[in-house]
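First comes the structure, then the notes that go with it.
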């Protein structure tokens, strides 16, 4: 809990955090979530979830492991070969990587869809504006004219033309219930989560155990590198990825990497 | 980050959280911090710190280990044999265990002193009222007429008759800079922190690696049991406690207890 030992008490702008600070990523993510809460984008509980994630990131060494990089490449291959890929955006995702998600969506030709645990019209509106400020031209999740089966009413709301009919979905920082319900719909699910033992990565086709601020730009880089790859090449990358091995490698890193 | 998978989206009162919920402690602590932020007691960053702590608690098995219990007994012995013990209160401590700190102070005849990382008159006032609502009759930290050497101006403010002259201080959930500065003043320092590798427990005479909501009531129980103990008995308990072993046991639990 004494994790802010070398941290400035408060910074007004992200660029006040020195890039060579040993805990730069953690400070930047915390700062972005804090601003997200202040702007009404992120629920207060998102700050707690981010803190929880930051402890796992600390134990993982705060870097993209080789296995995580493989998962991010497999995720890019899945998104590129999808018929209808959708990237799901919640309050923490919007606060942490708004521009990065817009770039990934462009690189893999996917839709962005807002999907909230604590859904209110105000938060939906704030997130939509925030994404548009970061370059999004189309944002789904406002119509909410379909429902994910077997999920609480509010949390099940999705767009019929979006997540509901998508074949591949990226659901970063997502709760286990929704991850399970999407999996049960037969979708190919890519999850980004720093705790390899939580339910979301456990049910994902591609569990990415990495910090979202590193994972998303790296997925985009992989997608750009694979832009001209054939269907067969993408398929080979997808087949090569071993989800069990990825989860085990992350758990082992947390255990022994201290 | 998908840690709220089985968690109600929001509860109005703590007693809506079922005590048999597998993540009861985590839900209660998160709820109390959230209310603390809303009441102006806790800084937004406290929510992040609590989330970080909750990940370590999860890895520790969310229970008071035998070694933590020994540390809590040694802490009680230190407080009982002190000439001038002081319990330091920050925003997270006030939100999580206000009544419990008041009870511990009574059991060991210690002062309560508010000491904030992000110090504002509003927060000081809100915390003082909150502590008084929970039974505190005297609260230090408002005068702030002395300074801890080698610390930023705002963070160094303490009472001359309080932490400044105390021989034994309990500093729960404290940042490493302040823990180090207090240690450098020659005080006997008891730290409560869920990350055994962070600087505060590393510099403490008694590092208590446990969740504060379990640790403080357990210290009080030990203090009451030791109420009639002789100075020699208290001294023996203090001597028996091995801080290095306690830190190693906690780290080993995090590594292997997954």
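Along the chain as shown, residues are numbered 1 onward.
Any Cβ shown, glycine's included, is placed from N, Cα and C.
Unlike curated records, TrEMBL annotations are generated automatically.
Fair warning: this is a prediction, and the values are worked out from it, not measured in the lab.
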Of the candidates B:52, B:243, the one that TrEMBL places in the ATP site of B:30, B:193, B:194, B:195, B:199, B:200, B:211, B:212: B:52
Cβ neighbour count (within 10 Å, all chains shown) around residue B:195 (ATP binding site): 26
Neighbour count (Cβ, 10 Å) for residue B:200 (ATP binding site): 28
Where residue B:193 (ATP binding site) falls in three-state DSSP terms: coil
DSSP three-state assignment for residue B:200 (ATP binding site): helix
For residue B:30 (ATP binding site): intrachain residues, at least 6 apart, with Cβ closer than 8 Å: B:50, B:51, B:54
Residues B:30, B:52, B:193, B:194, B:195, B:199, B:200, B:211, B:212 binding ATP per the record - widest CA separation, whole Å: 24
